[in-house]
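**Student:** This structure is in structure tokens; I'll ask about it shortly.
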């Protein structure tokens, strides 16, 4: 095993031994942020039990990809993603898949490392059926339009100040104490004109 890999494994093991009860915490992102900051975004089913590699302290889940929304270029010549990798311990942000339904589809947004898909507790991994119509539309086509120019800017405390005209102020967490508010479920931060972004509703228009 390479020296760096051995060192990384030792550090992970040490963290687990000295702080077994310390939970991994993170602030859930707006779905558009999750899309834009991820290398690969797919819809997939978890079809296998976790397999733990005790040398690297990582585990992998076998998945069946049903749709890819982002990552075609990053994958290169690879035609499919068969496994998703995560730290083996939740104390170091390892993802633990709870659902036993192997036919249930999940939206998975993660990072590619050496051609392998990695996720953590902080990754955006949610049942596809739990997403709103607007969120599904966003992951399918719309969020990508805002990645290069626009930024969802989370408001942590009042007063909130935007740092740029290309930022959209996200207040769901502050006002509702939840990342599942109206802005998360129905809005996308999209370019309106050069140098300007604004919230745009993705809900279907009523006749």
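Cβ coordinates are placed from backbone N, Cα and C, and glycine is handled just like the others.
The annotation signal peptide is assigned in Swiss-Prot to 1-23. Annotation comment: Swiss-Prot describes 24-93, 26-122, 36-147, 150-197, 155-160, 168-189 as disulfide bond. For 24-27, the entry in Swiss-Prot reads region 'Involved in metalloproteinase-binding'. Marked as Zn(2+) binding site by Swiss-Prot: 24. Annotation comment: Swiss-Prot describes 24-147 as domain 'NTR'. Residues or ranges marked as site 'Involved in metalloproteinase-binding' by Swiss-Prot on the basis of similarity to another entry: 37. The phosphoserine feature in Swiss-Prot is assigned to 178.
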**Student:** Using C-alpha atoms, which one of the disulfide-bonded residues 26, 189, 197 comes nearest to residue 147 (disulfide bond)?
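**Tutor:** Its closest listed neighbour, by Cα, is 189.
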**Student:** Given residue 197 (disulfide bond) and residue 189 (disulfide bond), what distance in Å do their CA atoms have, once rounded to a whole number?
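**Tutor:** Here the two Cα atoms are 6 Å apart.
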**Student:** Counting each residue once, how many in the domain 'NTR' (24-147) are helix, strand and coil under DSSP?
**Tutor:** 31 helix, 44 strand, 49 coil
**Student:** For a quick check of understanding: among the disulfide-bonded residues 24, 150, 155, 197, which residue's Cβ has the most other Cβ atoms within 10 Å?
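**Tutor:** By the 10 Å Cβ neighbour count, 150 comes out on top.
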**Student:** Round to the nearest Å and give the CA-to-CA distance linking residue 178 (phosphoserine) with residue 36 (disulfide bond).
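**Tutor:** About 21 Å separates the two Cα atoms.
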**Student:** Identify, among the disulfide-bonded residues 26, 36, 93, 160, 189, the residue whose Cβ has the fewest other Cβ atoms within 10 Å in this structure.
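**Tutor:** Comparing Cβ neighbours within 10 Å for the disulfide-bonded residues 26, 36, 93, 160, 189, 26 has the fewest.
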**Student:** Recorded positions 36, 37, 150, 160, 168, 189: which have a Cα within 10 Å of residue 93 (disulfide bond)?
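**Tutor:** Of everything listed, nothing lies within 10 Å of residue 93 (disulfide bond) (Cα to Cα).
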**Student:** Count the Cβ atoms, other than its own, that fall within 10 Å of the Cβ of residue 168 (disulfide bond), considering every protein chain shown.
**Tutor:** 21
**Student:** Could you find out if DSSP has residue 168 (disulfide bond) as helix, strand or coil?
**Tutor:** strand
**Student:** Can you tell me the CA-to-CA distance separating residue 160 (disulfide bond) and residue 37 (site 'Involved in metalloproteinase-binding'), as a whole number of Å?
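**Tutor:** Cα of residue 160 (disulfide bond) to Cα of residue 37 (site 'Involved in metalloproteinase-binding') measures 23 Å after rounding.
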**Student:** For residue 24 (disulfide bond), identify the closest of the recorded positions 37, 150, 168, judging by Cα separation.
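**Tutor:** Of the recorded positions 37, 150, 168, 37 has its Cα closest to that of residue 24 (disulfide bond).
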**Student:** Which one is closest to residue 36 (disulfide bond) in space, judged by CA to CA distance, out of the disulfide-bonded residues 26, 122, 155, 168, 189?
**Tutor:** 189
**Student:** How long is the line from the C-alpha of residue 37 (site 'Involved in metalloproteinase-binding') to the C-alpha of residue 155 (disulfide bond), rounded to the nearest angstrom?
**Tutor:** 18
**Student:** Please compute the mean pLDDT of the model over the region 'Involved in metalloproteinase-binding' (24-27).
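**Tutor:** Mean per-residue confidence for the region 'Involved in metalloproteinase-binding' (24-27): 84 out of 100.
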